[in-house]
Structures are given as structure tokens and as C-alpha cells.
Amino acid sequence: MLSYETPKITGMRVIPVAGRDSMLLNIGGAHSPYFTRNLLILEDSAGHIGVGEAPGGETIQHSIEQARELVINQSIGKLRSMVSSLQCAGRNADFEDFGKGSWTFELRINAVAALEAALLDLMGKFLGVPVAELLGNGKLRDSVDVLGYLFFVGNGHDTPLDYRRGTEGLGHDWYRLRDEAAMTPQRIVEQAQAAQDRYGFKDFKLKGGVLAGEQETEAVTVLHKTFPDARTTIDPNGAWSLNEAIQLCNNLHGVIAYAEDPCGAEHGFSGREILAEFRHATGLPVATNMVATNWREMAHALMLRSVDIPLADPHFWTLSGAVRVSQLCQDHGMTWGSHSNNHFDVSLAMFAQVGAAAVGRTTALDTHWMWQEGDSRLTRNPPQIIDGKVAVTDAPGLGIEIDMKQVEQAHAIYRKLPVGGRNDAMAMQHLIRDWRFDPKRPALTR
Ligand SMILES: O=C(O)[C@H](O)[C@@H](O)[C@H](O)[C@@H](O)C(=O)O
Ligand SMILES: [Mg+2]
């Protein structure tokens, strides 16, 4: 009789970390000078380290902590039951919080994804295969397309907040430009040109929900004229009314490849119903990370045909869930993509592995990495964006090696911050006194 020595989990650490950011504007306000994340590090009896990354904040940090009693001394072979135990523990609370208006980056499901990533990292290292090989139909591509994620940027240097003033010594204009205000179509084009020159992006997304709709559609139109071959989109995070979105986007045929959350719930109709009406009225493909973010919402979105491109971020779908969304997309004639928030390089590796395993038609993945790259890393050799792609090699696990010195530095930065979670209203109040979030109004139209 053969005996199998499957490694057991011997150690677990949850480390809140922070890194630098620019004053990126969006409907929720303005990014603070620092973004926060939670890093999970597992160790097994074979001496391997497995890592996973989740959004910052105490709710997620404590949810990951709950995994400790589920995983310590367990065989990594129990990956699926460990993940589903943690998932069941947080499910109802998530629905409740979401119903009260929480953002996806505040949900406990993100903790489940970090656990799954770290376990898959260990399993991949044990079996000698990349994580993509352990998802869906296995690894389908050697690189994943990512888009250049453009933002209107506030003048953070006019506030008392400690915004970065360029990253020295990296030898490209992008690292200066990303910290300067960008409030006009011309500045957005300059941002895109510098980012393309640095990372080779073929596709772009402009974050809207900041200025009046006409100004934002003008910016995306100028962007398209400058990069006519790019798949370009605009995402106002549901700031426009249905009528406004139809009016604005009917002028964007041939300009945008798809519209991302152009409008959302209104007058008692759900965001899924409103996006279905938008889609019917304009004939434009619709992407979302707001109205089909879990299986229950997805079922309704499918019945209504609200969405063409679900942006299945592995952080709030889990890695296996995001790949399962790609399978659903393939069966229902949809295209798979992924949403992102600011993140470190562990998350970049998670996106890349999921993107390499996604089946069917895919669109370039969102990533905020260009805003962090060069001065915020947790691994020795972060995945690179070259020619608008992230390579996915056959290196085992997530294909990254954690750099504990960097982790400690990022943790020290975190410890100096007044709050752990993301609060875009706080920074925005330095631009507009007493500013308050309104899900139906662009941030600067007050
Ligand atoms: O400001 C941001 O970083 C973005 O608005 C995100 O928070 C948001 O989730 C975005 O990435 C999106 O696609 O909606
Ligand atoms: Mg979006």
C-alpha cells in the first residue's frame, strides 16, 4: 500500500499593508495618499510559503483571521473544504452589508479569495504547476491582456495630505506624471500616452463619475481619436440616469467598445433592469462590476440579459468563482473580464493566473498596478506589464516570491495610518468642504 505525504499547514499570518497612491477621483471621492490591503501568508510542512491578497480594512482582516482554526494542521489536500467553510461563515453577513450599500471591496468574500489564493499557491508548489493549471480547464494562455486604467486626478499637492510627488530614479516620465493633476481631455490623453509608452497598453478604460457626463464623454472621444485601434471604455460607476446614459452613449458608437456601469438602480428599478433597458436602447455592449457581483445577482442579470461583460474580479468572486463565471460567459455568449481596485503584486499574480485559466472570449483585464508599480511591491520580482500583457509562466503556484523586508515596510506604513479601510470621502473633503457621496451624482458636480 502506497502512503502519501501531503503537506500540512503549519503557520498562518495576516498582515495589513499599505502603499502609495495618487489622488485618483471617482464617484466615491478621491483616493487617499495611501491604499491598504491585507496579506495572508501560509506556511506548510514541506517548507513552502503560500500567499493571498485582499482589500484592506478590519472587517476583511478579521474574516481572514477566522480561517486560522480551519486551516492549521490540515492537509493542503483539503483546500476545497477549507475554502467553503470560510465562505459559508461570511455569506449572510455579506448580503446584509451589501444591502446596506457596502462596496464590493468591503465584503468578507474577499477574505475567502485570499485564503483560496494562498492554498492554491501551496498546492501549485507541491504539485509543481502554476495556479492556472488548478482552475477550470487548466492554463490556457501564456500571457494575459491588461488595460491602461486612466483617472481624472486631483491636485493632491494643494491639500495638507501627504501625496506622492513623483517616484525618483525610475527613468520614465510616467512616474512623475501619475502624481500630477489631470482634469482635462488633454491631460487624460497625456496620461494615456505616458502609460502606453511605459507599459505598451493596447486598451484603455477611463474612470468617470467625476465631471459632468458631457465632459467625460468628450475626454473618452479625444482618447479614442488618439488611440483609434484601442478597445476603450468609460466607467462612471452608475452616476448617470438611464436617460442621460442613453443620450450620452448614443454619441459614443464607434468610440467605446463597451459601456461600463453607465447607469444603475433608479425609480425603484434594480441596476440589472436599468442596464437591460440601456442595452436595448443603445445596442452597446455593457460591462459591470456593480450589478452582477455574486451568483444570485448573476442569475437575475442573465434572465434580464442586462450584461455582456461581467467583470469577475477574483477578489470578490474567488479565483475558482471567477473562472466559473468565464465558463458561464462562454455558454451564454458573453465576454469575460475582471474589475480591480488598487493592489499590490500578489493580487497582480492572482489576476494573471485567473486570466490565464479563463475560458472563452475575454477582454483586457482591469488593473490599477500602473499607479503603484515602481514603489509598492511585496514580492522580489513583481509580474511585469510589457506590451499590455502580463506573462504567466509555468513557475509553480502564483509564480511569485514574497519579500519579507518589503512586507514589513508596507506594514510599518499601514501602522501609521489613522484608519485601516478605504475612505475616499475623507480625501475629497479636502477639495470640497463637507463633501458627501451620492451614488447618482458625479463627484465634482456639487
Ligand atoms: O476609484 C477606483 O479605484 C475605482 O472606482 C474602483 O473603486 C472601482 O471599483 C472600479 O475599479 C470600477 O471598475 O468600478
Ligand atoms: Mg467598474
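Including glycine, each Cβ sits where the backbone N, Cα and C put it.
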- Query: Which of these, D235, D308, does TrEMBL list as part of the Mg(2+) site with E266, N289?
  - Reply: D235
- Message: Using DSSP and collapsing to three states, where does D235 (substrate binding site) fall: helix, strand or coil?
- Response: strand
- Note on the structure: Students should find that the Cβ of N341 (substrate binding site) has, within 10 Å, a number of other Cβ atoms equal to 22
- Query: So which recorded positions are near Y149 (substrate binding site), with CA atoms within 10 Å, out of K207, E266, N289?
  - Reply: K207
- Message: To the nearest Å, how far is the Cα of H339 (active site, proton acceptor) from the Cα of N289 (Mg(2+) binding site)?
- Response: 6
- Query: ligand 2: which of the binding-site residues D235, N289, R422 have a Cβ closer than 6 angstroms to it?
  - Reply: D235, N289
- Message: Using a 6 Å cut-off on Cβ distance, which of the binding-site residues Y149, N237, E266, R422 come close to any atom of ligand 1?
- Response: N237
